[in-house]
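What TrEMBL records for 50-536 is domain 'K+ potassium transporter integral membrane'. If you look up TrEMBL, you'll see 549-789 marked as domain 'K+ potassium transporter C-terminal'. Among the features that TrEMBL reports, transmembrane segment is placed at 42-64, 84-105, 212-229, 241-262, 289-308, 315-340, 360-387, 408-430, 469-487, 499-520, 532-555, 575-593 (among others).
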Amino acid sequence: MASISDSETTNHGSIWDLDQNLDQPMDEEASRLKTMYTEKKFSSILLLRLAFQSLGVVFGDLGTSPLYVFYNIFPHGVDDDEDVIGALSLIIYTLTLIPLMKYVFVVLRANDNGQGGTFALYSLLCRHAKVSTIPNQHKTDEELTTYSRQTYEENSLAAKVKRWLEGHVYKKNCLLILVLIGTCTAIGDGILTPAISVLSASGGIRVQNQKMSTDVVVVVAVIILIGLFSMQHYGTDKVGWLFAPIVLLWFILIGTIGALNIHKYNSSVLKAYNPVYIYRYFRRGKSESWTSLGGIMLSITGTEALYADLCHFPVLAIQIAFTLVVFPCLLLAYTGQAAYIISNKDHVVDAFYRSIPDTIYWPVFIIATLAAIVASQATISATYSIIKQALALGCFPRVSVIHTSKKFLGQIYIPDINWVLMILCIAVTAGFKNQSQIGNAYGTAVVIVMLVTTFLMVPIMLLVWKSHWILVVIFIVLSLMVELPYFTACINKVDQGGWVPLVVATTCFIIMYVWHFCTVKRYEFEMHSKVSMAWILGLGPSLGLVRVPGIGFVYTELASGVPHIFSHFITNLPAIHSVVVFVCVKYLPVYTVPTEERFIVKRIGPKNFHMFRCVARYGYKDIHKRDDDFEKMLLDRLLLFVRLESMMDDYSDSEDFTMMEEKTQGSSNALLLTGKAGSNTMCSTGDLSYSSQDSIVPAAKSPIRGNSLTRYSSQTFGDELEFLNRCKDAGVVHILGNTVVHARPDSGIIKKVAVNYVFAFLRKICRENSVIFNVPHESLLNVGQIYYI
């Protein structure tokens, strides 16, 4: 296929001007009422209730860490009491600096209308700077009530940062790569969290019977994991109310047991709250001190999930739950275990279970298992959410997304991802069989995600919050002072299990980057090869074909212009439908688009062409439900558009447009559009926004069609509405492009492998658009075409 030359794309002649006037971008009235997300005011009782509910959703993973932390710090046993004191001191101040100070009081404020996670940060940046690699946004999208952005003074630091980010394509790609690294590593958490949590909890059955084989514990953990993943399609709507009481009871138990152990075994461990013991821990110079940081890192696992699972809980509610319940209970639990280990150095492998009083052992074991399941469920749900966000932003192949709750928007289930997670979880659990190697893998995944969040917070603080640069420097220095040592310690354990998240993240990164790269290149190709409106007008109202009764929905990724698929269609088939609607479905960097603002409809060209455009906009949390009739919604918006257009035309006082012939140099003919643009009227309603244009009238002796063309007299509202209804009754056909993407013959070997094999395989196994939009098979028409990128 011939490539588009630079001269063609930059030659903005009079025909280009005609295209711009005939197919103008769709504007909306700026007077739409803004209901931007703000931190709502809650009553004290409601705030405490929300804080209680957040325990079951947000803190499960962080709360189950005491099950396995000390074993991963001292996998070969404890020789010196001072080592335990030093490790405990590191745990205390790591919990204070990272979860408490960094995340709970800083990072949580960087939420996108109540949504957290790496992609939420990226969406915020895409709204405040033009850093999206798919340039399909328009200024009308900024009028959405869920779309928020800041304005900057010309010489401000934020404006300079914005211009720097927008300056070169490679900076946008580097930002995207950073986001994908964090996202792919977070997906690895969805594999490792259930594995280590359930395996650690199941280990309690062996404490009371030391003769029991480790294989029995592994089998029990695998059975629990299979049951957990097999129940995912039911959702958590019916049992979710149990999560908060279970986790609250768990925190009360571990805090109480910790306090009893401090009193019973060794209260001198309280000196670990003096940070000088951290210095002494490293001063002794043992190599184990540095490598043990990988185990200490596990004390803050679940911190990133805390941010990703924000789930519209008010930030203040999460702050209350963490500071009043989670933080003190965790400190008591770790301090109590340290006191027990000092008195029982041989029991470090299963210190948590051995430190439980015999009278309450089995109840605690049951609650521990339930808490591990809740923690795993929260991480699995967060993984689904991450995949959904990546899919919406064009970074993941199309997979089936099922909405499991009628009450809560964020509760989804992705079957394909669920079974992949289950297989990998079982493989990790059965393959390693112990907490130590899984812990090494887990720590590597967690610290990488934290580093990505730290780097992304820098532009967020500068662009979104407009923070002073000194505050930004303080934040990043303090964060890196803690996280970089943990990163180096975890990387040193790559050969001891740390390779698992790296392999998972690398595989996910290749899939996501290749898919996104080909998606961007395909979009750029369609932009460069879209059909000229002058050519469409030259075909006349019949488009050079037989106009058969019916409505044809032509799906395209372009929000303006006539797609290449349409010219391919009309040059290979002898007929086209009486009404043609170009449908563009695009995702915006917002968490949701309100239903009443989802569709924008406009007319393309003269009225007697019966051509329209409909843009359907979605946010990254929006889901195409099975019970949604996408075809019916499109038809309803189209008919409503005609009604509103008629109402606006009754009050239009614009002058007529005429086509004039202009002689240009070289005896070439071009078209100019004359007259006032006042007829381009706008209307915004509760259901859609639209623009209305008067008919474009070819003058006599126009070079487009013959020598005598008279002005088209537009139909009355009733006639056109009746015409559309007749076409609707005649039948609706959905025309989709079955695009095959190939690398150019002169491309490098890496690009050929990525495009011709990896992307082709992903397209073969992913869902078709017709399935996503519930298009009836009998109404589907695929048009094949090949793109060379």
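Note that Cβ sites are derived from N, Cα and C of the backbone, with glycine treated the same way.
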Give the nonlocal contacts of the transmembrane segment (289-308) in its own chain as ranges (CB under 8 Å, at least six residues past its ends).
58-65, 68-75, 83, 86-87, 90-91, 94-95, 98-99, 103-104, 107-108, 116-118, 186, 189, 193, 281-282, 318, 322, 330, 334, 375, 378-379, 382, 385-386, 439-440, 442-444, 446-447, 449-450, 453, 485-486, 489-490, 492-493, 498
Same-chain Cβ contacts of the transmembrane segment (499-520) under 8 Å, 6 or more residues past its ends?
133-134, 176-177, 180-181, 183-185, 187-189, 191-192, 390, 394-397, 424, 428, 441-442, 444-445, 448, 741, 754-755, 758-759, 762, 789
Positions on the same chain near the transmembrane segment (212-229), where near means CB under 8 A and six or more residues out:
194-195, 198-199, 202-203, 205-206, 369, 373, 376-377, 380, 418-419, 421-422, 425-426, 429-430, 433-434
Report the listed stretch (42-64, 241-262, 315-340, 360-387) having the maximum count of Cβ pairs within less than 8 Å of the transmembrane segment (84-105).
315-340
Can you tell me which parts of the same chain pack against the transmembrane segment (408-430), counting only residues 6+ beyond its ends and a CB-CB cutoff under 8 A?
190-192, 194-195, 198-199, 218, 221-222, 225-226, 229-230, 232-233, 235-237, 311-312, 380-381, 383-385, 387-388, 399-402, 438, 441, 500, 504, 592, 621, 623
Between the transmembrane segment (532-555) and the transmembrane segment (241-262), do 3 or more CB pairs sit under 8 angstroms, pairs being 6 or more residues apart?
no
State the mean pLDDT for the domain 'K+ potassium transporter C-terminal' (549-789).
69
